[in-house]
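J.: Take a look at this one; I'll ask things after.
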């Protein structure tokens, strides 16, 4: 669906994207997370042609974005809906008219516009607000209007640029649930740019972590949080753990075994002493997952590894970085 390879972008002599490569699959919800200035919004704008990139390739549906002429770019943007942090609604127009705007720009008939707008307002749950002006709406309702407008032309991809940053936590959850529902019902690819960790954990199947214009890592969201990867630790400012002498093993607790008493059972069955030196549990969607780092004597190391493997428990031996 979207293939980004070795993209470099400069503002004058300042490089803001550095050899960025990401593959985004059709129908997935893909997250791009990083601090302010990481380059994530710039990358998003390279995808829809709002920003030019000097080197590398951005393919959307097998079309090279920087090679498109004006008509081809216009056609591409029909395939790419976009929502923003501050909604970008026209204050003097009603909810209905705001959603209708892209349809009017592309020459749809009044009958087609009415049918499509009413369908979309039903999808986003604000049919009763169709005659209201934006000033009479809450932040969450405004973002629902923006989502409906972004979907007006039946895009294949929805780009979300910090779409929940201006919303309170409860409203954020409701908007994310709406996006998830749209993804499931319409099969639309959604790319979520955010600095909010909870957004990524709630809806993104895969994620890219960015810093200073570079991609630190790309992977399955659950796996990255489960393994507490180096890229994730760097993002959240978590320092590396200094490991004590002996054998140190990280035990991974995916959602299907996170509630089992693995450590105490193992210590009892093997008759060994186990010290827990680090633990981290994360709320991930509706589940709890995480990891523990345990310390055992070197002589018990192989015995513990064999035990964990026999129980189908994922583990990895740790060394000081």
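Along the chain as shown, residues are numbered 1 onward.
Cβ atoms are placed via backbone N, Cα and C, with glycine included.
Annotation source Swiss-Prot lists ATP binding site at 34, 35, 36, 37, 38, 39, 40, 41, citing sequence analysis. Taken from Swiss-Prot, the feature domain 'ABC transporter' applies to 2-237, supported by sequence analysis.
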J.: Using the structure shown, find which entry in 36, 41 (the binding-site residues) has the sparsest Cβ neighbourhood within 10 Å.
T.: 36
J.: For residue 38 (ATP binding site), write down the residues of its own chain that are at least 6 apart in sequence and whose Cβ falls under 8 Å from its Cβ; none is a fine answer.
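T.: Residues satisfying the criterion: 210, 211, 212, 213.
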J.: Does anything in the same chain, at least 6 positions from residue 40 (ATP binding site), have a Cβ under 8 Å from its Cβ, and if so what?
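T.: Spatial neighbours, sequence-distant, of residue 40 (ATP binding site): 32, 33, 34, 193, 210.
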J.: Write out the long-range same-chain contacts of residue 35 (ATP binding site), meaning residues 6 or more apart in sequence whose Cβ is under 8 Å from its Cβ.
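T.: Non-local contacts for residue 35 (ATP binding site): 195, 211, 235.
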J.: An 8 Å radius from the center of the 34, 35, 36, 37, 38, 39, 40, 41 Cβ atoms defines the neighbourhood of the ATP site; name the other residues of that chain inside it, in order.
T.: 42, 195, 210, 211
